[in-house]
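Handing you this structure, nothing more for now.
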Amino acid sequence: MILLVFQEVPDKVVNPEKSEEAKLKSKYPNLGNKPGGSDLLRKRLQKGCARVWIPDAEEVWKSAELTKDYKNGDTSLQLMLEDGTNIEHKLDPKTKNLPYLRNPDILVGENDLTALSYLHEPAVLHNLKVRFIDSKLIYTYCGIVLVAINPYEPLPIYGSDIINAYSGQNMGDMDPHIFAVAEEAYKQMARDERNQSIIVSGESGAGKTVSAKYAMRYFATVSGSTSEANVEQKVLASNPIMEAIGNAKTTRNDNSSRFGKYIEIGFDTRYRIIGANMRTYLLEKSRVVFQADEERNYHIFYQLCASSHLPEYKMLTLSNANDFLYTRQGRSPVIVGVDDTMELSTTRKAFTLLGINESNQMGLFQVLAAILHLGNVEIKDRDSDSSVIPPNNRHLTAFCELVGVSYQDMSQWLCHRKLKTATETYIKTLPRLQATNARDALSKHIYAKLFNWIVAHVNKALITNITQHSFIGVLDIYGFETFEINSFEQFCINYANEKLQQQFNMHVFKLEQEEYMREQIPWTLIDFYDNQPCINLIEAKMGILDLLDEECKMPKGSDDSWAQKLYNTHLKTCSLFEKPRMSNRAFIIQHFADKVEYQCDGFLEKNKDTVNEEQINVLKASKFHLLVELFHDGEKAISPTGQVAGTGGRTRLSIKPDKSREKSSKENKKTVGCQFRNSLHMLMGTLNATTPHYVRCIKPNDFKLGFTFDPKRAVQQLRACGVLETIRISAAGFPSRWTYQEFFSRYRVLMKQKDVLPDKKLTCRNVMEQLVQDQDKYQFGKTKIFFRAGQVAYLEKLRSEKLRVACVRIQKTIRCWLARKKYLRKRSAAITIQRFTRGYQARCLAKFMRRSQAATVIQKYQRMCVERKHYRQKQAAALVMQTILRAYMARQKYQALLREHKVVIIQKRVRGWLARCWYKRCLVSIVYLQCCFRRMKARRQLKKLKIEARSVEHFKKLNKGMENKIMQLQRKLDEQNKEKRLVNEKLVALENTYTTESERMRGELGRLRGVEEDAKNKGNQVTSLLEELEKLRKELSSTQKEKKTIEDWAQTYRSEMEKMVSELKEQNGSLKKEKDDLNRLIQEQSQQMTEKMVRAIAEETQQLETNLNEERSRYQNLLTEHRRLEEKHDDLKEEMNVSKPGHRRTDSTHSSNGSEYTYNSECAELEEGSRAAEDVTRGIDTSLTLKLQKRLTELEQEKQSLRNELENKEDQFLRARARARGAELEYESLKRQELESENKKLKHDLVDIRQSLLGNAATGAGAPGSPAYKVVLEQLNSSCEELEVRKEEVLILRSQLVSQKEAMHHKETMTELSVFVEDVSKLKDAGELKQAYMGLKDTNRLLEHQLQTQRRGYDSEVESLRGELQNVKEDNNRQQQLLAQNLQLPPEARIEASLQHEITRLTNENLDLMEQLEKQDRTIRKLKKQLKVYSKRIGEMGAGQTEGQTSPGQMVDEPIHPVNIPRREKDFQGMLEYKKEDELKLVKNLILELKPRGVAVNLIPGLPAYILFMCLRHADYVNDDQKVRTLLTSTINSIKKILKKRGDDFETVSFWLANTCRFLHCLKQYSGDEAFMKHNTQRQNEHTLSNFDLAEYRQVISDLAIQIYQQLIKCMENILQPMIVSGMLEHETIQGVSGVKPTGLRKRTASIADEGTYTLDSILRQLSAFHSTMCQHGTDPELIKQVVKQQFYIIGAVTLNNLLLRKDMCSWSKGMQIRYNVSQQEEWLRDKGLMVCGAKETLEPLIQAAQLLQVKKKTDEDADAICSMCLALTTAQIVKVLNLYTPVNEFEERVSVSFIRTIQVIYSNSSNVTFILIVKINKSKH
């Protein structure tokens, strides 16, 4: 890079008397009007309400709005200023140029000035002012130029975080910045293999030095050095040194560079800094001896004076700066805020870093102090021609002591001078003024030598032995300036600026032409200002410099003679050279920026730069080695003429001068102008061989006020630095450029659907031809569309009008919805108030009515009369109104009917008349034809009748036929009568039969009506549900068809999604098929269930009826038998009463309802009957008594036998059930014993396998991947599978046992009921009958219970079907809503939305299935644990009950326990033995050559860690410390080696992070330390390490784990970093929300997703890949959460940093995009179950920044809301976002400055104010 800084001189403002507009238009006559075309300008003004720029004396340009339409020929414009003042603007009658048009507000504040639609001076000035004042942005692009405005305030935009943010970014992707220019130069150097240069220019105080310093800091930070010498630090360390010796305070700048510098920073083949080289130009030596007011000398003098009190500086004999002439002339020795003592310390540190030792540093300080003392040497007049220094001058003595020279020699040659002639040498005395000038010349010469020596040593420290591959140069140079008195220094400076401006113009023009040629569009060469004539005037043959050098060689050359030569040579031949009217010692040159008047005084002397040679010889004879070194290679300071004219005494010293020295001196001595011209040519050659990058520094005001913009000063500098020339060249052609994709995305709203074609380029062509008729206003390139000035503003206007119409429609709909919502809310509130009010009133009324019940009776009738009267009045009024209304309606209806009737009559009449006319015509014709035809037939018939009438036989035959017919008809009539009678009889019989049958069926129908109604209701419900399901299927099929068409269309639009769409279709089809199958099965099952229920109900009803009839018949038979016995018993009693009248018979009549008696009452009756029988036996004979007693005894015996039989059957049933239960338990115990024996066998096999593994470990046969290892692994897997099968069999047996118990219980109940039913037929007495009836009732209850159970099951199935149907309806409604929403979206967004919906739906289904699978897995694990517990308990219980156990069939009441065989388990030690010589193989196979993918897929996670720990346990078990040490050391070193080799592979790093942590956990868990063994089991505690304490190794492995974690984060960050900005900010996830704004020359990355562009889905897929990889490797869940949290922190920090550094991203639409992207990331966290890991909280600053972009930003309440909302953002970040907020559409508004100040005031009053702008990304927690 090239760094060139020219000295600054006291400033003077350009003469403001000349009109700014006239100056601009005299130089750029077509700027602003020609590019857009005067026609467009006139059209815009003729439409009215156009905004224009008019000249102003104070603000340079003012904005105004046209209040009256402009017409051709008008001489003035009616305008209204922004403050509301109406003015009349006169047009120039000669040029008739119209004022400049203003750009739309949406384009104001752009990053690139070339993005403006109207390119002219007021637009540029206004855009810079808005960015600088409103947005606090100091950098702006102007094509290839970076315009930097000095803020005069420290800004937090230069830290290392900002450098990292700009590193690797494209220049147009980030906001303008000096770092962006430096990054572009660095990238082009690496990409194009071409050297680069950065040219920094501007006025004094514009910030050139700071910009160059920041550029060098950027290179030093991003590149680094190739060695340990820290070359980049040395490059940066050169800045404080050069600032100390080359910078000074001026009226414009406190740290102004007073020299030009050019720094080449060298790079090697890997583009790392290897060294640097500095060249300086035109040091302002005059500042050493003279300073203007409010200025200072070079900083180093004041630093030494401020540090003079320190011990190490006592030898310099310095004091306060005001004590020395060279430091007090400016009367401003102190700079506010700068500590000179601290600055000297910094300078000395820089000297040390660059290799300048302490002795040389003190030597430099001695020389500088000597210069200050030399300036205080007082020279007095001796006479008019001579001077003298008083003896023992304190300062001269100090000077001589410091530099080591003789006091006498120095005092003599300060007041004398040696003159040489051809033959003699004389010593001439000097007057006091000449002696003083000679003293000052010596001081300047010493300082210049010192400056060159320091520069040479700095270059020596920065040089390197490595071959330089390329370099980047930084050229630090201030711009064109003019002052009141311009001398030789200003002439050289402006000459250099002319050369640089010419190079700049050629480069800009070349780039512009190359762009058009590359795009292959027609282009006409334009004229641009060429300053070659001005350069020729200065440097050509017989130019100003040649004449100056020639005059310097003349013996009596003077400034006056040189001025006359200039007048004679150039005044008439060159138009750029002028002579002032009032002066003969000055000349004027028309430079590129302005005219400058130079005073000729001092030109020759400054060009010669002579110093007294004898003074130099005295210094060369010094004893101070550093001073001798300064002048060792110096030039001999003699006059080119050899003598100087003067007066005074002369002393002859020598007669023979040294001619050889004089000759060589004359030959080697070059003038300052010649040296500067040569160095400038060399510089231009270097610049032309590099790719230049331009930085123009602008000084906003002359008072160093922070963020204060003076338009006059700014526009002067813009004109001088070439920014407007860039604008003019750009505006002359096509300044606005859009790619086809950007144009389509921005102006898609102006296109109709039919205009959109697959070819975007053709679409843009067609649309442009429709929107802009004049084809000269635009051109189509290969990749871009080029627009003339003003065309983008026209398109923006069309777009804003289209969007305004759409916004009005949206607002109308939303306001309607809001109003309706508000109305419904109010209505609901009113109804609620009314309800509560009415309820309260009703309660009060009820209370009042209760208290005044008596009064209400009286009031009732009175109110009744009043209400009746009111009612009748209302009724009468209502009747009147109804009458009037009905009459009115009837009249209206009547009128309508009347009109209709009349119309119908008219139509009828007309149609009737027409029909009659036609009919009459037809009738006449038909009648005529009929008459003719009938006449012909009649004549024929008449002729035939006449012939028949003549025959007699005819009459006979006729009569005979009539008789036969009459007889036949009579017979047929009789038969029909008979059949009628028979039918009537049959009909009567059938009616009787039908009547009886209908009565019988009516009863049946009544009985089954309830069941039929239920069945019908359910059938109707099922039918309706089936109909609804069919309707939903049809809708679903139609939806599927529409979806299929949409997917087909999307397949042509996005070819890369074909595979995904096909997979989704297959899955969707399979799911639909499963859904249809399920629906069909549900329908079939519902039909089958319905049919089964109907049949079952019918069968059960019929069975119940038959059973009931049978029971009734049996019951009637029993009742009949019982009555017969009772009658017989009564007869016997009557006989007994008759035989014994004194005895009164007890009435024991029974009701026929035997079912109402109980068993006890029946027994009582039998006992009463037996007592009555005993009484009877007393009065009757013995035989009858014996018969009765015998009969009663038989009945009692039969009853007792039945009871005994029933009890026996019950006992048999209980014994059978006990035997079955015992058999089942015995079978279960045998099965369990068999399983346990199998389990023992499997464990025994497992022990054998392990022993075989341990035995084969020595031979290496058991290594992973070997055949034996695979066989063993297969056996182990098969054994585990068989064990799982056995466990499942145990579970099945247990479930079967439970089900068998329930079935046995049910069977027992049914068996008891069946026994009771079978025995009913055997019952013969009342007790048995009662028992039979109770059994029948129980049976009925059981059947009813079963029926209710079936009904409940059916109802539950119906409810489940209804629920599924409701879900289907809801799903269908959602799909319809989504379809309706998708139809309203554009096609691209519609496809995206449909695909997103399908993906979401399938993802949810997959998640549901995964949840079900996880639940099943948890259930299985739980059951396995329970099975283990139960088996252990059974084993423990069985051990104590094996002896003395009886058979289940022998004892029923005692609990039955199965017989178990106790098992013996073998303990495993969990160790792996290996030989010491196999340790390298073990490490190699487990670490170095192990593939993480194979372990994650085929083996268990953490296998290497477990194997290593098993080996470590064995080494600990055998107490081999050497083995333990070597194993751990080899493991740690191997892990470090594999990570160093494959540290950029995320899978490898994740794998070894998981295994390292697992190995560390094992070491801690089995270490024996109680702190790590709290949760261990007894078995785990037995496996602890017993011989070694590995605490130190645990610490080493812990550090290794932390290192791996940091490497994992770094690897992850390297993968995510390129995706974040593109996916989170640039890519439009929601297409069409944010439009693309014009970007100017610096194109940013497109937001449209190309094949190589990262999207949000790319980030989510990468995060999923990270998460799945860590899960597969068995990483700890807490560690996974920490990694995910770090991932989201990186995403949020990078996104927020880029948002804060990119103005184009701070808009409302981008805020919505960011919030959507964040919601998708939160959904990802929710899907992975990581919502509680704290990752969401890391995105809170980004979320709040997005909300800040979207919230309202106008009032104080909005400011308070923002402060309460943005708690995670700092004050600087909030203010930065508000400053950067840029409207994308005209409907948005910028944030006012007052609102931002309100925010700052609120935060300044808060206690926790932070000013951090950029979030640090390198954050990792452990």
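Backbone N, Cα and C atoms are what each Cβ position is placed from, and that goes for glycine too.
Feature annotation from TrEMBL assigns domain 'Myosin motor' to 108-800. Taken from TrEMBL, the feature ATP binding site applies to Gly202, Glu203, Ser204, Gly205, Ala206, Gly207, Lys208, Thr209. Feature annotation from TrEMBL assigns compositional bias 'Basic and acidic residues' to 655-669. The region 'Actin-binding' annotation in TrEMBL covers 680-702. If you look up TrEMBL, you'll see 1149-1160 marked as compositional bias 'Polar residues'. Annotation source TrEMBL lists coiled coil at 1185-1293, 1351-1433. TrEMBL lists 1529-1805 with the feature domain 'Dilute'.
What does the local environment look like for each feature on the list?
Sequence-distant contacts of the region 'Actin-binding' (680-702) (same chain, six or more residues past either end, CB-CB distance under 8 Å): 2, 4, 11, 13, 128, 132, 142, 144-152, 178, 181, 184-185, 188, 192, 194-208, 211, 215, 252, 262, 279, 281, 473, 475, 478-479, 495-496, 499-500, 503-504, 507, 708-710, 713-714, 717-718, 721-723.
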DSSP helix, strand and coil counts for the region 'Actin-binding' (680-702)?
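For the region 'Actin-binding' (680-702), the helix, strand and coil counts are 9 helix, 8 strand, 6 coil.
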State the count of C-beta atoms found within 10 angstroms of the C-beta of Ser204 (ATP binding site), not counting that atom itself.
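Taking all protein chains shown, Ser204 (ATP binding site) has 24 Cβ neighbours within 10 Å.
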What mean pLDDT does the predicted model reach across the coiled coil (1185-1293)?
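Mean per-residue confidence for the coiled coil (1185-1293): 61 out of 100.
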By a simple count, how many Cβ atoms lie within 10 Å of the Cβ of Gly202 (ATP binding site), its own Cβ left out?
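Around Gly202 (ATP binding site), other Cβ atoms within 10 Å: 28.
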What is the Cβ neighbour count of Gly207 (ATP binding site) at a 10 Å cut-off, with all protein chains included?
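Other Cβ atoms found within 10 Å: 25.
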Could you say which of the binding-site residues Glu203, Ala206, Lys208, Thr209 has its Cβ with the most other Cβ atoms inside 10 Å?
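That would be Lys208, with the most Cβ atoms nearby.
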